[in-house]
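The structure appears below as structure tokens.
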Amino acid sequence: VNSVPLFFFPDVSWKVKANDRAYHQLPEFQKKVFLCFKKSRYSGNAIKTYKYNVLTFIPLNLFEQFKRAANLYFLALLILQVIPEISTLPWYTTLIPLVVVLGVTAIKDLVDDLARHRMDKEINNRKSEVLLNGRFQEAKWRDIQVGDVVRLKKNDFVPADILLLSSSNPNSLCYVETAELDGETNLKFKMGLRVTDERLQEERQLAEFDALIDCEEPNNRLDKFTGTMLWRRERYPLDLDNMLLRGCKVRNTEECHGLVIFAGADTKIMRNGGKTRFKRTKIDKLMNYMVYTIFVLLVLVAAGLAIGHTFWWEQIGSKAWYLFDGKDQDASYRGFLSFWGYLIVLNTMVPISLYVSVEIIRLGQSKFINWDLQMYFAEKDTPAKARTTTLNEQLGQIEYIFSDKTGTLTQNVMQFKKCTIAGRSYGNDRPPHHWNQYADRKFQFTDHALVSCVRSRKDKDAVEFFKLLSLCHTVMVEHKDGELVYQAASPDEGALVTAARNFGYVFLSRTQDSITIREADQEATYEMLALLDFNSDRKRMSIILRCPDGRVRLYCKGADTVIYERLSPNSRHKETTQAALDVFANETLRTLCLCYKDISDAEYNAWSRKHKEAQVTMVDRDAALDRVYEQIENNLMLIGATAIEDKLQDGVPETIAKLAKADIKIWVLTGDKKETAENIGYSCSLLTDDMQIHYGEDVNEKLRTRQENRRNEPLTQRPGRKKTAEPFFTTPGKNALIITGGWLNEILYEKKKKRRRLRLHRLGKRQIPSSPQDGQPMNDWEKEMRQIDFVDMACECEAVICCRVTPKQKANVVSLVKKYKKAVTLSIGDGANDVNMIKTADIGVGISGQEGMQAVMSSDYAFAQFRYLQRLLLVHGRWSYIRMCKFLRFFFFKNFAFTLVHFWYSFFSGYSSQVAYEDWFITLYNLFYSSLPVLLVGLLDQDVNDKLSLKFPKLYLPGQQGSLFNYKNFFISLFHGIFVSLIIFFIPYGAFLQTMGQDGEAPSDYQSFAVVTASSLIFTVNLQISLDTSYWTFVNCFAVLGSIAIYFGIMFDIHSAGIHVIFTSQFTFTGVASNALRQPYLWLTIILTVGISLLPVICIQFLHKTIWPSVGDKVQRNRRKYELELEEEERKRAPAFQRGRRSRRSAYAFSHSRGYADLIASGRSIRRRPPTRGGPQDSIREVPQTEAENI
């Protein structure tokens, strides 16, 4: 191994010494934590995701809760109520509700945090084998430290970021599954250095290992690692291929040894978590603003009444001898005290129970999502799960959905569907494969004609076709219990080799320089002369073989776009194959063209010399190899083409169509290739034939033109945005955008940003563009305008697909739309590469599917299939939004109606902050008397049932517009409350003015008046919520009647003589209720008050639904008719979705990254170890079925 000087790696400053824990505690590796306290810069391997511990729970939780304006306000009120000078209400009227609210929220936080504690504990206590004191001992993950040597067995999770030293496979090859990291479930291989592989197999050798590793600082780049190893005075280069990252799983490797480089919080997976953002709904923010508005109103009203008290005391109070209280206080001081008194009396305008009721409603709605059997996926026993309880109503306001492709829209299962051989297409009916003992029973391909053609061996093209599929690939094979198990770099490769196998061309084994296949009952071994690997620029792979009869032949397979350019003029069937390719592409199948070329020995020998030279060149080796490959891959003869189906999940096109009708725009953000993404766009009906598609270069040009026009504008118009920007697409019709990650960087000026910043930093100045035309922004304002232009343009389109984007770019696109469109966004994905996007969006949905659990762990909602998204949004989201809006409108109304009675009463009580009700009524009003019916509306109400919600997606629009709860609705509730409080105060006041009871007593005392107003209020409020209830159940009915019954029950108890005797000062309304409510006159007053309060509302509702009905009202009115239609539809069951017809270039069916060819050609994966080190171990059966998303 060549020695590598350290200056090759400028960013290395992380030192790790093998088997030396003390080294990492040296003073030079300490960092300051707080004041003079220091700790090691090397993180321990324990992870911590919880927020509280036993000591910090109460103080931290209270601190967080008092960040809420309302809680802080009630605490201040409580302090005011303790001051006897200004206390108009006893302290318990505020303390009891405040303690209940804080307690309920604290218990909810505690339960959430305990779940996090449990998860951390489970992960930190996993077991692993660590080399301590010269031998391997079992240790918990939390006890592993940087520099430890660990031993991993098959199917173990990797506990930290580890440098692979050796393994039981030949050449220290180790297979890992990275589903937790990047969502790809096909196996990756990692390799130990040759030097460690040869010298570090035994326990003793590992114990003596004392290398020093110099490498990069911990970072979040999953695709990069740079470092060197200094051992026995030699330096060896290290890269990502030598690293096993935390979160991977060891597969097909009996055991391997590694050195811990990064532990715990320093590992790449933990660094990639992104910041956990605290998500809040639009309604939450609105609610807080409304609470501030109420508070301002409250202060203004209290100030007005305080001024009134000052004047009243000067003119009347001070002159009335019977009001003398023995205090020597002037009018203005009394007014000042009255201000604070009124703040306390009117405090119920800001209802403390509002927040706790909202939490209960959200919890209930989350449970309904969890319990929904129609979102339960029986195949995998996966129910839907609301992992957060604070975002439900936001589900009813989504405007943009950002979806991953692989595993989210598609199933990640590849199937060989159709093929065309020598101009004839196959793939229509089901064949019998019982003639072939090697057939894979799961294989489904349908065509009898092809089977008989292959079996007869008369059709030379068919023979070559399947021979090519069985020879030209990079698949590895294992023999397990008499069965063949293929290890493919990509699921496409696996599907093609399996197809060849089922047609009798069975790939049996390979060595470094030969491939053995079984051709129709006899084995044949081909000598492999060269393997020309696939990469994303070449879009093809070739293999040069010496056949058993001595001929040299090149087989090639690749995308039609590159193959057709390299065909011989004599090649036949070009047009018929192209027509078949167009048909396959219409059906959104992934296609590959297959061709061959016979090569003379002389031509091969001449080319081979050039190939060897290119292989050892030190400068730009890849480009040199590509040039050599070009020289031999020409004059090819076309055999035919294959078509593979990347199956969509069930119900994806229908779901996308339904969401589009609800005015929800769907963007697909994927790491996959442009062609594949475009094809999937068509197959899931996101793209349609009548759409004009715009690509990156086109978009860039439009944006550049817009920018130049802006630069040429007079400066006076520059600052800020023009109110209405003219549209980018002036032609009528639908538009779609397909853009790659590279173009995205170019368009948003993200390219080479870092390098430019470093250069400028060194020069110590900011860069001024040489000319405004050099494609770079002149300043931050211009960059922001460019971003705004891009978002505007994308939002004009019906569909947007971004392909070849990194996880960070996915998150950036989401945040751009959030920032400039102020829209509510939802991200849905299934792999760890979607975590950042899921955390960035307002709502993150994880698909618990093939690709590990990282996405689900970071999500707010999780379920198993994309199609459940329509039910989550159009049913649960819409209902949650409607319920929450109705609940809030009514809650504000009932509190205004209740509190403002004090305001009217103050005009008759000298503005002296005297309360209009009994103290206990004020305490219990929001807790018992009026809370249950409105709570149940917030939990159970629905305007139309779930089936109609899905049938009419337009019902979703009010949520997007936010039209059911906004400042307009708030002020309507306020005026409704003012009106009701006026009626509730003045009708009983008029009735009490000149009245005489049946027994000659005048029930016109203050306490009887308090009982009558309170009773009228309870009836009005409970009947009003009955008018607003759309969906009646037994529980709603019970709640309304129960609330009224509880009111009377508690009131008669509180007014009883017994309780007055025990607590004389607290219960002063002795016998009032029984005395007042036996007067029919007062019952008539209550009935009149309630009637006049409700009559206008009934009239307005009737007129509204008759003259200006909403979509919901119309659906409700014809509900029975629509329900019958639905039943009829279900009986008929519509035919399957038909794909559109369109001719376009297809996606080619390659999805693995380059690299396997080097491995095969080097023979490192195939050569056996010398027998002294024990024979090869069997490895488990692995059938990768999922497509990689190369990022």
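Even glycines carry a Cβ here, placed using N, Cα and C.
The active site, 4-aspartylphosphate intermediate feature in TrEMBL is assigned to D404.
What TrEMBL lists as Mg(2+) binding site is D404, T406, D830, D834.
The annotation ATP binding site is assigned in TrEMBL to D404, K405, T406, E493, F534, K557, R590, T670, G671, D672, R804, K810, N833, D834.
For the domain 'P-type ATPase N-terminal' (17-95), the model's pLDDT averages out at 82. Among the features that TrEMBL reports, domain 'P-type ATPase N-terminal' is placed at 17-95.
Sequence annotations record features per position, and here TrEMBL assigns domain 'P-type ATPase A' to 124-188.
Feature annotation from TrEMBL assigns domain 'P-type ATPase C-terminal' to 856-1110.
Positions annotated as region 'Disordered' by TrEMBL: 706-727 (among others).
Here TrEMBL flags 1161-1191 (among others) as region 'Disordered'.
According to TrEMBL, the feature transmembrane segment maps to 89-111 (among others).
The transmembrane segment annotation in TrEMBL covers 289-313 (among others).
For the transmembrane segment (333-358), the residues of the chain that approach it from at least six positions outside its boundaries are 68, 70-71, 73-74, 77, 80-81, 83, 85-89, 94, 97-98, 100-101, 104-105, 287, 291, 294-295, 297-299, 301-303, 305-307, 309-310, 313, 317, 884, 887-888, 891, 895-896, 898-900, 902-903, 906, 911-913, 915, 922, 925-927, 931, 934-935, 938, judged by C-beta separation under 8 angstroms. As annotated by TrEMBL, transmembrane segment applies to 333-358 (among others).
Per TrEMBL, transmembrane segment is recorded for 887-908 (among others). For the transmembrane segment (887-908), the list of distant contacts is 283, 287, 290, 301, 305, 308, 342, 345-346, 348-349, 351, 354, 357-358, 361, 914-917, 925-926, 930, 934-935, 937-938, 964-965, 969-970, 972-974, 976-978, 980-982, 984-986, 989, 1013, 1017, 1020-1021, 1024-1025, 1028: same-chain residues at least six beyond its ends, Cβ to Cβ under 8 Å.
The transmembrane segment annotation in TrEMBL covers 920-940 (among others).
What TrEMBL records for 970-994 (among others) is transmembrane segment.
For 1006-1025 (among others), the entry in TrEMBL reads transmembrane segment.
Residues annotated as transmembrane segment in TrEMBL: 1037-1061 (among others). Tertiary neighbourhood of the transmembrane segment (1037-1061): same-chain residues 918, 920-921, 924, 928-933, 935-936, 1011, 1014-1015, 1018-1019, 1022-1023, 1025-1026, 1067-1074, selected by CB-CB distance under 8 Å and a gap of 6+ residues from either end.
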Candidate binding-site residues F534, R590, G671, R804, N833, pick with smallest Cα gap to T406 (Mg(2+) binding site): G671
Rounded inter-Cα distance in Å - R590 (ATP binding site), D830 (Mg(2+) binding site): 22
Number of Cβ atoms other than its own within 10 Å, given for R804 (ATP binding site): 21
Residues D404, K405, T406, E493, F534, K557, R590, T670, G671, D672, R804, K810, N833, D834 binding ATP per the record - widest CA separation, whole Å: 32
Which of 89-111, 920-940, 970-994, 1081-1103 contacts the transmembrane segment (1006-1025) most, counting Cβ pairs under 8 Å: 1081-1103
Cβ contacts under 8 Å made by the transmembrane segment (920-940) with residues that lie 6+ beyond its boundaries: 89, 92-93, 96-97, 100, 348, 351-353, 357, 360-361, 364-365, 883-884, 886-887, 890-891, 894-895, 898, 1010, 1014, 1018, 1021-1022, 1025-1026, 1028-1029, 1031, 1033, 1035-1036, 1039-1040, 1042-1043, 1046-1047, 1050-1051, 1054, 1067
Nearest of the binding-site residues (F534, G671, R804) to D830 (Mg(2+) binding site), judged by Cα-Cα distance: G671
Rounded to the nearest Å - Cα separation of R804 (ATP binding site) and D404 (active site, 4-aspartylphosphate intermediate): 11
Of D404, D830, D834 (the recorded positions), the residue whose Cβ has the fewest other Cβ atoms within 10 Å: D404
